[in-house]
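Trainee: Supplied in C-alpha cells, the structure appears directly below.
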Amino acid sequence: MGFIDGKWAPMIVLIVSNMIAGMVNALVKKVLDGGINHMVIATYRLGISTLFLLPVAYFWERKTRPKLTLSISCQLFVSALFGASLMQYFYLLGLSYTSATLGSAFWAIMPSLTFVMALIFGFEKLSLKTKIGYGVVLGTLISLVGGLLLTMYQGIPLTNSPEQAANSNNHTGHENWIKGCFFLLTGVVLFSSWMLIQAKINVKYPCPYSSTVILSVFGTLQCALLSLIKTRHLEDWILRDELTIITVVIAGVVAQGMCTVGMSWCIKQQGPVVSSSFSPVVLMSATVFDFLILHREIYLGSVIGSVVVVIGLYIFLWSRSKQIVECKIMKLPTNTVEEEKEEEGRTNVNNGQLLVIPMTP
C-alpha cells in the first residue's frame with residue numbers, strides 16, 4: 001500500500017537510479033581501461049539516450065511545448081557544450097586515469113561547487129547573520145576540503161589487488177592520479193556552470209524532456225567532433241567487444257534514459273534537496289563495483305576524502321533546505337515582469353529544479 005500511494009516509490013527510484021549510476025561508472029571505467037576512445041563512449045551514450053527520450057518528449061510535452069526559436073537553439077547548443085560534451089570529455093578522461101570510486105566522489109562535490117558559482121555570478125544570495133547561513137558555508141567548505149583531500153592525498157592501499165600491487169608505489173601512477181583528479185574536477189566545474197546556464201534557459205523553454213533531447217542531439221554531434229582530437233580512425237567506432245556494447249547500451253538506455261525520467265519525477269515528488277541527499281549511493285555503489293568488477297585497490301585517501309565530502313554534502317543540503325523554507329516564508333511579490341523572470345531563474349538554481357539531466361556520472 002505504501003508503494004502504491006507513492007510514499008516509498010520515490011525513495012526506491014532514487015536508490016535504484018543512483019546504484020545504476022555507480023555501476024555504470026565502474027563499467028565505463030572497465031571499458032576505458034581496454035583502450036577505447038572515451039568520446040566514442042560519450043557519443044554512443046548520448047545518441048542512444050536521444051532515441052530513448054525522443055518519444056517521451058514528444059508525447060508528454062506536445063501540448064505544452066513552446067516554439068523553439070533560433071535564440072533558444074543557440075543557447076541550448078552552448079548549454080550542451082558545457083553540460084554534455086566538454087563535461088564528458090574531461091570527466092571520462094579523468095576516470096581513465098583514476099577510478100570509478102574517485103569519479104563518483106568528485107560528483108558529490110557538485111552541489112556545493114554550484115552554490116559557490118551561483119554566489120559569484122549573482123544567482124544566489126547568502127546572509128552570514130544566521131546559523132543557516134553559517135551551515136551552508138560550513139557544508140560547502142567541508143565538501144571542497146574533501147575534494148582537495150581526494151586530489152592531493154592517495155594514501156596507503158586498504159585492499160590487496162595483484163593487478164595493482166606492482167604500480168602502487170609507481171611515481172607515474174601518482175602523477176596520473178593527480179592528473180586524473182584535475183580532469184575530474186574540470187568536468188564537475190563545467191557541469192556546475194551548465195546548471196547556471198540551463199536555469200536561465202528553463203525560464204524561456206520550460207520543457208524538461210524536450211530540452212534534454214535537444215541537448216543530447218547537440219551533445220552527440222559535439223562529442224563526435226571532440227573524438228577526433230584523440231583519433232580519426234573509422235575502426236574506433238566499431239564496437240566489437242561484448243562488454244563494451246553492453247556498457248554503452250546500459251549507459252544510454254538505462255543510466256541516461258530511464259534514470260533521467262526517474263530522477264525528474266523524483267525531484268517533482270520529493271524536491272531537489274531530498275533527491276540530492278541520495279547521491280552518496282552513487283559513491284557506495286561505484287566503490288563496490290570498482291572493487292568487485294575491476295579488482296582495483298581502495299586507498300585510504302579515497303575513503304577519508306569521500307567521507308569528508310559526504311559529511312559536507314549533508315550539512316550543506318540540510319542548511320539549504322532550511323534556507324529555502326525561510327526564503328519562501330519571507331518572499332515578497334515582485335513588481336515587474338522582468339523581476340519575476342529574474343526571480344524564477346534564480347529559484348531554479350536555488351531549489352535545484354533545473355528540469356534537465358543531460359548526463360549522469
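The backbone N, Cα and C atoms fix where each Cβ goes, and this holds for glycine too.
The following feature annotations were taken from Swiss-Prot:
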- 8-28: transmembrane segment (TRANSMEM)
- 21-142: domain 'EamA 1' (DOMAIN)
- 40-60: transmembrane segment (TRANSMEM)
- 76-96: transmembrane segment (TRANSMEM)
- 103-123: transmembrane segment (TRANSMEM)
- 132-152: transmembrane segment (TRANSMEM)
- 177-197: transmembrane segment (TRANSMEM)
- 194-317: domain 'EamA 2' (DOMAIN)
- 209-229: transmembrane segment (TRANSMEM)
- 243-263: transmembrane segment (TRANSMEM)
- 273-293: transmembrane segment (TRANSMEM)
- 298-318: transmembrane segment (TRANSMEM)
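Quick one: how deep are these features, and who are their neighbours?
Mentor: Note on the domain 'EamA 1' (21-142): its mean pLDDT in the predicted model is 87.
For the transmembrane segment (103-123), same-chain residues at least 6 beyond its ends with a Cβ under 8 Å from one of its own Cβ atoms are 21-22, 25, 29, 91, 94-95, 136, 139-140, 143-144, 146-147, 150, 181, 184-185, 187-189, 191-193, 195-196, 199, 276, 279-280, 282-283, 285-287, 302, 305-306, 309-310, 312-313, 316-317, 320, 345-346, 349-350, 352, 361.
Same-chain neighbours of the transmembrane segment (132-152): 102, 105-106, 108-109, 111-113, 115-116, 126, 178, 181-182, 185, 301-302, 304-320, 322-323, 326, counting only residues six or more beyond its ends whose CB sits under 8 Å from a CB of the stretch.
Sequence-distant neighbours of the transmembrane segment (177-197) (same chain, 6+ residues past either end, Cβ-Cβ under 8 Å): 75, 78-79, 82-83, 86-98, 102-103, 106-107, 109-110, 113-114, 117-118, 121, 123, 147, 150-152, 154, 349, 354, 358-359.
Secondary structure of the domain 'EamA 2' (194-317), assigned with DSSP and counted as helix (H, G, I), strand (E, B) and coil, comes to 102 helix, 1 strand, 21 coil.
Counting only same-chain residues 6+ beyond the ends of the transmembrane segment (243-263), those with a CB under 8 A from a CB of the stretch are 13-14, 16-17, 20-21, 24, 27-28, 30-31, 34, 36, 41, 44-49, 52-53, 56, 209, 212, 275, 357, 359-360.
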Trainee: Do any residues of this chain, six or more beyond the ends of the transmembrane segment (40-60), have a C-beta under 8 angstroms from a C-beta of it, and if so which?
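Mentor: Hits for the transmembrane segment (40-60): 28, 31-32, 84-85, 88-89, 92, 207, 209-210, 212-213, 216-217, 219-220, 223-224, 227, 236-237, 239, 247-249, 251-253, 256-258, 260-261, 358-359.
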Trainee: Count up the helix, strand and coil residues in the domain 'EamA 1' (21-142) according to DSSP, in that order.
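Mentor: Within the domain 'EamA 1' (21-142) the tally stands at 96 helix, 0 strand, 26 coil.
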